[in-house]
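Taken from Swiss-Prot, the feature domain 'Core-binding (CB)' applies to 1-86, supported by sequence analysis. Annotation source Swiss-Prot lists domain 'Tyr recombinase' at 107-281, citing sequence analysis. Taken from Swiss-Prot, the feature active site applies to ARG145, LYS170, HIS233, ARG236, HIS259, supported by sequence analysis. For TYR268, the entry in Swiss-Prot reads active site, O-(3'-phospho-DNA)-tyrosine intermediate, with the evidence type sequence analysis.
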Amino acid sequence: MDKVIEMFSDYLAHVRRHSENTLKAYKKDVRKFLTYVGKQINNIERKDVEEFLKALSKGDITGESPRETTISRYISSLNSFFNYLELSGMIYENPMERIKHPRIRRKIPDFLTEDEVSSLIGAFNEENELRQKTAISLLYYAGLRISELCNLRTTDISFIPPFLRVEMGKGRKDRLVPLPDKVIPILKKYIDLENPKIFVFENGKKHVHPSTVFRWLKEGVKRANIKKDVHPHTLRHSYATHLIRKGVNIKVVQELLGHTNLSTTSIYLHVADQEKFDAVKKL
């Protein structure tokens with residue numbers, strides 16, 4: 001089993017050009033499936049996949065009932081795996097045929113107000129918490145994913161003109177994110193004082209771990225007395241929502257966020273629509 005999974009992983013990395021996070025997730029999903037089924041690969045049938053997905057949805061695989069997005073990811077993982085096996089001649093019938101993704105209910109993302117963002121960033125002391133303040137500032141002012149922040153390298157920063165180069169992976173073109181004036185002084189001060197060598201936020205020779213940034217964020221939220229469940233992605237949602245509110249074209253927001261599909265970005269239009277409904281309720 002391990003050999004086939006590693007061959008599959010190499011295929012995803014070098015042919016499909018998937019990101020490291022996707023590789024880890026797909027390998028983990030496939031390993032759980034094969035362990036559950038307990039069959040030789042060429043003996044696996046569609047009913048085995050259906051039984052696994054049923055057990056997964058009941059919480060028998062992970063210990064809790066997963067969201068539709070998690071089930072959909074498992075299906076994507078297994079689709080990729082069996083497509084690879086078929087291309088490689090290891091199987092002749094694909095058990096994933098006619099296996100459909102669950103219908104996912106799209107949830108309007110939570111976001112912070114501009115005042116809450118200011119309070120959050122202002123909760124960090126620039127003299128002895130410059131690292132934390134800079135990291136949280138970039139999550140918002142550059143709309144970064146937590147993985148993008150942690151993997152950010154010193155060579156990805158330009159001050160003239162001011163922008164970040166964000167690696168997109170999956171064979172996609174890197175995106176350039178312009179930096180607003182508010183974040184430039186603090187980023188420049190951090191780079192000048194800390195002088196990071198490879199990664200902007202280093203931990204020895206490696207980059208800082210996402211859990212560390214999450215801990216910084218939670219501390220800032222507590223100090224700012226923000227009564228919302230705030231995660232690193234909340235700042236990215238806030239960045240997109242505020243841009244849409246200010247009248248920025250949705251296609252521009254799509255490029256800034258690095259979304260492949262415009263439909264992914266369009267969820268932020270619903271945030272503005274919801275505001276309208278909330279407004280008329282006050283009449």
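Cβ coordinates come from backbone N, Cα and C, glycine included.
Neighbour density at the Cβ, taken as the number of other Cβ atoms within 10 Å, is lowest among the active-site residues ARG145, HIS233, HIS259 for HIS233. Confidence across the domain 'Core-binding (CB)' (1-86), taken as the mean pLDDT and rounded to a whole number, stands at 89. For ARG236 (active site), the spatially nearest entry among the active-site residues ARG145, HIS259, TYR268 is ARG145, judged by CA separation. Broken down with DSSP, the domain 'Core-binding (CB)' (1-86) shows 66 helix, 0 strand, 20 coil. Within 10 Å of ARG145 (active site), counting C-alpha to C-alpha distances, fall the following of the active-site residues HIS233, HIS259, TYR268: HIS233. Counting every protein chain shown, the number of other Cβ atoms lying within 10 Å of the Cβ of ARG236 (active site) is 22.
Packing around TYR268 (active site, O-(3'-phospho-DNA)-tyrosine intermediate) is summarised by its Cβ count: 24 other Cβ atoms lie within 10 angstroms of its Cβ, all protein chains included.
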